[in-house]
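To start, the structure itself, in structure tokens.
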Amino acid sequence: LAQSLLALFASSLAISLVFAIIPLCHNVVVLAVVMAVAGLAMGCIDTISNMQLVKIYQKDSAIFLQALHFFVGFGALLSPLIADPFLSDTNCILANGTANASSNLPHIRKSLVPHHPGNLSHYDLPMKGMVVTRVSYAFWIMALINLPVPIAVFFLLYKERMVPCFNGSSHPLLSADELALETRPGDKDELSAAGQRPHTAAGHEDLFSCCQSKNFRGASYTYFAVHITGALVLFMTDGIVGEYSGFVYSYAVEEPLAVVHKVAGYLPSLFWGFITLGRLISIPVSYRMKPATMVFINVVGVLITFLLLLIFSSSVVFLFVGTASLGLFLSSTFPSMLAYTEDILQYKGCATTVLVTGAGIGEMVLQLLVGSIIHDRGSYSFLVCGMIFGCLAFTFYALLVFFHRMYPKPSPELDEASPDKAAVPEDTGQYQR
């Protein structure tokens, strides 16, 4: 936990520093390095936060994962609104002596025809002169908004006495065993003796314990199959999130829909808005519904939505309806899949790393793939690709359920020897994690 919190502190602080530095980067190579650091920090935060929620809350982790990813969607919806007031409608650089006759970006945007969206060679945009953009303020505001996060993580480290220069001999907060003792003081000696061994063993684990070869000795093929199929489901669904939010605008402004550019610009916001709404709805729903059922509803809903989008491909109204529907169905796929897979694998936290990595690779690769296909085959291939990815996601989910049924269940002896069983006697019924 100390290593995880230190990594979260360093990563969240790095993001604030990166956002503050971005406006000062006047070289594309320097900007690329800074953005790479930001991506590395965000990847650490994504993996560690999911993994620790699974390890801490275990059976109850589905609710907390839904809440975590609600804030992910809320941030994705909110950050463009913060940046929008600082975006310029005119060219960001005014040529010397031509301040009143500068090129107007709205004119350029309106002049872009669907058949040649990337051809800007005939517009003479000045590259040297007085800089008039205010977009730097947006980055600095985001850096300030993010700054309370590393401060809060450092405060938690301090309260838990995990800061190296403030280490104490005793733990300040109640552990699970001590909380159980509060309910039944008479069992103090028994519970403390029973809970001592698991805590001692767990103290030697670190962030990379999942990568040790000893964890794979004697593992059945279904153990690896659950990891792989779960990662492939998220590879497809998170890839759909990335490619749909990235290319739905381009699809809408092309023929046969030819939606007005300003109206088409609402589609990505609608998509992320319903993802955020869906994750908010999923918090109470996950309390009543099993993660496996939620994932099934999600992948089937994505498949049906893409099928209807293909059937009504000439309807602008249904494009907006389908975008909202797709956002709802994709919203809870990631946290539900994490909860489902970790439930199969007894909440070791190792599957979370594999699933987060698979989702990130899918979001990166499928955007590149769909972009090149749209360029070669036209805008209609955008929906065809989504339909194919939806079918693959459903197929991999069916394989995951198949391997789940074949996966060996833990023996009763192992259950009794687990930390939860040792810390809490079965007959108390007064403390459950």
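The backbone N, Cα and C atoms fix where each Cβ goes, glycine too.
The range from 89-111, 411-433 that TrEMBL describes as region 'Disordered' is residues 411-433. Between the transmembrane segment (293-312) and the stretches 30-49, 221-241, 263-281, 352-374, the greatest number of Cβ pairs separated by less than 8 Å involves 221-241. Packing against the transmembrane segment (61-82) from elsewhere in the chain are residues 49-50, 53-54, 138, 141-142, 145, 269, 272-273, 275-276, 279-280, 282-283, 286-287, 291, 331-332, 334-336, 338-339, 342, 347: each is 6 or more residues past its ends and has a CB under 8 Å from a CB in it.
Across the candidate stretches 30-49, 137-158, 221-241, 380-403, the maximum count of CB pairs under 8 A to the transmembrane segment (318-340) is reached by 221-241.
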